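Colleague: Got a structure for you, written out below as structure tokens; questions coming shortly.
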Amino acid sequence: MREIVHIQAGQCGNQIGAKFWEVISDEHGIDPSGNYVGDSDLQLERISVYYNEASSHKYVPRAILVDLEPGTMDSVRSGAFGHLFRPDNFIFGQSGAGNNWAKGHYTEGAELVDSVLDVVRKECENCDCLQGFQLTHSLGGGTGSGMGTLLISKVREEYPDRIMNTFSVVPSPKVSDTVVEPYNATLSIHQLVENTDETYCIDNEALYDICFRTLKLATPTYGDLNHLVSATMSGVTTSLRFPGQLNADLRKLAVNMVPFPRLHFFMPGFAPLTRRGSQQYRALTVPELTQQMFDAKNMMAACDPRHGRYLTVATVFRGRMSMKEVDEQMLAIQSKNSSYFVEWIPNNVKVAVCDIPPRGLKMSSTFIGNSTAIQELFKRISEQFTAMFRRKAFLHWYTGEGMDEMEFTEAESNMNDLVSEYQQYQDATAEEEGEMYEDDEEESEQGAK
């Protein structure tokens, strides 16, 4: 019933993907060999969304693991939950994409893409009523960004009416692997704007700041960053995995969250923020969770929501708590900060509550915001892109794989358009429309005279 097929591409995608499966397997009572060892019917009620029940009563993730080199997938396979995945669903090349978007999208990735699509088809045939796909990848490398976006457009071609949802890790100068990240990211965003329905922007810079400032980790590792990502992914998929009424599938979430088709880049947040291994022992209250969740420091994208306005917001509270208190707190925060919510979409904040908290916490809350402040993130990438592109630095790596400079120019202008669209709706007020009609009437009256 209402299945989601999960695809993870590239090193980053496979690492956060593997972590995601560890976390949700734990929440659903699935052990590393796929047996159910849980104690609650709620864990099994919607298990088929992410897992396929095999003949031996084992639960197998509907996951497809893709990379252009074998390294990361070997470590996933030998990791704690490596035997959970279907062995045929590991698809990898040997050559690697060398952090080059063109290799992932046009050359190396294009050679591997058909064998990936075969596995995608097989997974979809196993579904009763597929609701859509989710992809975990990064935008800074070669495989996740180049081949990831290639997969999106191919899957989109074949399943045009299914929802396409991505968890996209956006590069940042603070945690940088390669100098060409701005190129790869811009080329990817160019694709995501057109071909996805929902994109959660997870930003290394924000994750790094959270580890550094809030969790007081002196030297955050990728493991620490991934811990935050998996908590957030577990949170935003809660309403898809456990019984509930609100945003219970990807399409309903999209309908609530996306007022204009291009503006589907969400800013996720999570509360309470905890370190790996030291989950908090103090019980949090609903007001504290609500405060924290709307705090700029808790956002997983390095943008300050106070610099923009929320078009729409969805929140998920987890744990045993009073619905009434949750509703009161959410109303309070909206009326106190009403200037940060656009007034031309009434009731633009939706709240879901799920009884099952994540492991180690009594309560938690997850935040999904569609804020115009996300333009800060695109501006940041755009500035870095322009600085290099003006001098045509590193371009030969891309043109050598058959790309044209035009494609860079198009991607750049598409991203700049996206920024201006966010700005336009940030400045829009509810009155403007009415004033425009009055002017028209006056003109037509004068015309009638």
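The backbone N, Cα and C atoms fix where each Cβ goes, glycine too.
Reproduced below are the annotations present in Swiss-Prot:
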MOTIF     1-4  motif 'MREI motif'
BINDING   Gln11, Glu69, Ser138, Gly142, Thr143, Gly144, Asn204, Asn226  GTP binding site
BINDING   Glu69  Mg(2+) binding site
REGION    421-449  region 'Disordered'
COMPBIAS  429-449  compositional bias 'Acidic residues'
MOD_RES   Glu438  5-glutamyl polyglutamate
MOD_RES   Ser444  phosphoserine
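Map the listed features onto the structure and describe their local environment.
Modeller: Following the DSSP three-state reduction, the secondary structure of Asn226 (GTP binding site) is helix.
Spatially close to Glu69 (GTP binding site) yet at least six residues away along the chain are Phe92, Gly93, Gln94, Ser95, Gly96, Ala97, Thr143, judged by Cβ distances under 8 angstroms.
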Colleague: Out of Gly142, Gly144, which of the binding-site residues is least crowded by other Cβ atoms within 10 Å?
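Modeller: It is Gly142 that, of the binding-site residues Gly142, Gly144, has the fewest other Cβ atoms within 10 Å.
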Colleague: If you count, for each of the binding-site residues Gln11, Ser138, the other Cβ atoms lying within 10 Å of its Cβ, which residue has the minimum?
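Modeller: Comparing Cβ neighbour counts within 10 Å for the binding-site residues Gln11, Ser138 gives Gln11.
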Colleague: Would you mind ranking the binding-site residues Thr143, Asn204, Asn226 by how many other Cβ atoms sit within 10 Å of each Cβ and giving me the lowest?
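Modeller: Result for the binding-site residues Thr143, Asn204, Asn226: minimum number of other Cβ atoms within 10 Å at Asn226.
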Colleague: Quick one: average pLDDT across the motif 'MREI motif' (1-4), no decimals.
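Modeller: Over the motif 'MREI motif' (1-4), the predicted model scores a mean pLDDT of 89.
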